[in-house]
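Notes for the one structure printed next.
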Amino acid sequence: MDSGGASDPSRQVRVRFLTKLPAPLRAPPTSIAVPADLTRMGLSEIVNSLLLAASPDHQAQPFDFLVDGELVRLPLQEFLLAKGISVERVLELEYVKAVAPRKQEDPCPHDDWVSAVDGSNPSFVLTGCYDGLARIWRDASECTHILEGHSDGITSARFINKGETEDRLHVVTASKDRSLRLFKFDTSVSVPKQIGAYKILRGHTSSVQSVAVDPSTNMICSGSWDNSIKLWSVEGSEEDGDTVSVKKRRTNSDSSGPEESLFEGSATSTFLGHTQCVSAVTWPERQTIYSASWDHSVRQWDVQTGKETWNMVSGKALNCLDCGGESSSLIAAGGSDPVLRVWDPRKPGTLAPIFQFSSHKSWISACKWHPSSWFHLVSSSFDGKVMLWDLRTAWPLASVESHKDKVLCADWWKGDSVISGGADSKLCIASGIEIV
């Protein structure tokens, strides 16, 4: 191969631009010569100029470029040299819309650290806070309901039903007070704004750190600092438990903490095996639960038998876990170092991660796969940053720096936005992310 000089500004490479984008964004497929030292920004300028020549109304936008399925993140000739591709061939460059936020929305202030977010509902965002309250935000801007009752900080919160066609929302929250609470309410009714739980779930002997909902939305599972995973029924009759009186969270105007009556439920199953805090759980398939722990392990559980069916030791205490990729077959996890790792449990005989992303500068606090893309993930870190990733490159697609302190949680919302919460007591929203 003719290596040439990677920094030689006179060297050129012949390229052909291809895309799967709709017709208005398709450049002519003829090959052209471009400078070999171009980066993706320079390549974007060329594509935009070609599109503008064909359509004067075209609005310039950034693109990313793939060669043989891998995103180009180096100057063109350096990339070719690294991959052993001849500079003499006509290089086919597939271009896609660049994945990066176009807008930072106004943050939503809270009274304490925002420790949990859920963006699985297209109309509402759910947040959990260290003030013991969960909040429902319409369009991530207006707080419509406050879910109260916990006596200590909320650590995790999830929508149970996604609410796409229903007026009623169903929510579960987990707390340092060792309990979980279930809420139901009508989103079309704004009064009362403060909502109490209809059911309290008790059984953990230490702080509940994580919660996940099964695909049928009939069950939930929780992970705790007592090292156990418990399964709970979302519904239930009074024959399954007792009605109890509990003191409501004290407020400044009512120091007595008035009592409320609600139904109490107990766990249907308990899974044992972890030796430290179960920091994250996910329930991707009806019969399979994955868990991550400060004991450095990721474990797979059979829901019916309660038995561990697979485990992997990462070497680091883990804070977060999610399943994604094709058929939700990949596992992403992060913890007490700056590296987000991805494993494929289908590969026998190896526990090495198949991808490692190492651009954060501190511990990873959360990771979530995009709901409709096999390739894209979001991560948050104690370094104050939220990063967007694509499996096809080791470099982050974008780094969002909306927070002024540690970021504790992050999620996708509506497919084109990222929501995050942190120690600066804010819910932040980065929007306009185009993933095709």
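Here the Cβ of each residue, glycine as well, is placed from N, Cα and C on the backbone.
Listed in Swiss-Prot:
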- 13-97: region 'Ubiquitin-like (UBL) domain' (REGION)
- 240-262: region 'Disordered' (REGION)
- 109-147: repeat 'WD 1' (REPEAT)
- 149-193: repeat 'WD 2' (REPEAT)
- 203-242: repeat 'WD 3' (REPEAT)
- 273-311: repeat 'WD 4' (REPEAT)
- 313-353: repeat 'WD 5' (REPEAT)
- 359-399: repeat 'WD 6' (REPEAT)
- 402-436: repeat 'WD 7' (REPEAT)
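With pairs at least 6 apart in sequence, the repeat 'WD 5' (313-353) and the repeat 'WD 1' (109-147) have fewer than 3 Cβ pairs within the 8 Å limit; the two do not touch. Below 8 A, the CB atoms of the repeat 'WD 4' (273-311) and the repeat 'WD 7' (402-436) form no more than two pairs separated by six or more positions in the chain, fewer than 3 in all. Sequence-distant contacts of the repeat 'WD 3' (203-242), counting only residues of its own chain at least 6 positions beyond either end whose CB sits under 8 Å from a CB of the stretch, comprise 152, 155-161, 170, 172-180, 182, 263-272, 274-286, 289, 291, 293, 295, 301, 303.
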